[in-house]
C-alpha cells in the first residue's frame, strides 16, 4: 500500500507483535503512532490511504500506558523539600532516572516545610512535557503543612500550621503561589478547611485528605466540598473502627455526590500496607485505587542516612524510618515494583494492576483524555513490559526514551 502524506508529513510508526492494554483488557493488535499521538489505523487506511514508515517488532511484549506517580518526594539523592541552589538539576535527575521504572509523568511532592522552603522551591517547579530529558511534570503535590499533629508521621511538628484567621489567605501566604500546584493534602478536621477546599477546587487543584484524625462525617463533608483523593490510605489516619470508620470509610460511603468518585493512594511496597489491607481496599473500591511510590531521596541509593525535608531518615532494606525511631517515612520502592507487588498481593488481573498506576491517576487529575490510556488521539506515552511486568522500554510522545540494556535483561 503506498504511503500517502496528504494529512501530515510526520513518519508513522507501527508497533507489531504485541498485546495492547486498551478498554481494560490486553488485546493482540498493533499500536500506531504519529506526531506523538496514538493513531487510529482505520482512519489512516481508509481516509488517508496511508501505511507505516517504520515497523517495530515488540517480540510479544505487553504495551501499557506510561505510569503516573502523583506522590514522589524525591529519589536518587534528591529531596524535593530541600531548597537548594541546584534544585532544578535535582528534579531533572529524578525525572530522567524514573523513566527506567516506567514513570512518564509525575507530581513532585513536598512534605510539610517552613514557608521559606515553599517560596524558594515552588517557583522552580514548572509543568512540562516529558521527553528524552525525563518524565513530564504535571504540577506539585503539597503534602502539608495543614495537617494533624497527632498524625504527622514523618512530618516535622514545628512546621505544621492551621488555617487561622484568614483560611485560604493563610494557605496562599504559606505557599506563596499556586501556579504550579496540582494536589494539596490537608486534614479536613482543621477549622475552616471547607472554605479552603472549595477555593482550591475552584482553581482546578485536587484536594486530598491525609495526615488526619477526621471522622467519617468530616471526611464526607470534605468530599461534598470538592475533595477527591485520600493520601496513602491507612497510613497517618485513624485506624478503621466499625462504629466510625474514619477517612477509610469513604471507600464505601453512600454520601459521595452523584457522578463523583473518590480516589485513594496506596503505597504497595510490602512495608507500608499489609497485603490483607491492600486486598480489603481493592475489593471495597477497585476503581479508586491509585498506586503511589511516596518515594524519598533514598530511592535508588544504598542503605544508610538520607534526608526527607527537615528530617534525617534511615534506610534499612525496604524500611525507611526517621533516624533513631521506628516511624515510617516514605518508601524507597519504585513504581514498577509497586505494580508487581500489587498484582501479587491482591491476585488481581495484569490489566487491573497496570491501570492502577496509569488510568486511575490520570482520572484523578482529569487528564484521562490524553494520559493514562492508549485510546486514539491520546499522548503516545507507553511502556513495553514482559509478562512479569518488568519494564523493557519507555516511550514518551512516541519516542523511545529508555530501553533495558540487552545484557541486563
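Glycine too: its Cβ is placed from the backbone N, Cα and C atoms.
Under the heading domain 'Amidohydrolase-related', TrEMBL lists 62-401.
Within 10 Å of the C-beta of residue 211 (Zn(2+) binding site) there are 29 other C-beta atoms, taking all protein chains into account. The Zn(2+) binding site annotation in TrEMBL covers 143, 211, 232.
As annotated by TrEMBL, substrate binding site applies to 154, 235, 236, 243, 272, 328, 329, 330.
Packing around residue 294 (active site, proton donor/acceptor) is summarised by its Cβ count: 29 other Cβ atoms lie within 10 angstroms of its Cβ, all protein chains included. Sequence annotations record features per position, and here TrEMBL assigns active site, proton donor/acceptor to 294.
For the binding-site residues 243, 272, counting C-beta atoms within 10 A of each C-beta gives the highest total at 272.
Comparing CA positions across the recorded positions 143, 211, 232, 294, the one lying closest to residue 329 (substrate binding site) turns out to be 294. Geometry remark: residue 236 (substrate binding site) versus residue 211 (Zn(2+) binding site), CA distance 5 Å. Fewest other C-beta atoms within 10 Å: among the binding-site residues 235, 329, that description fits 235. Note: the CA-CA distance between residue 232 (Zn(2+) binding site) and residue 294 (active site, proton donor/acceptor) rounds to 8 Å.
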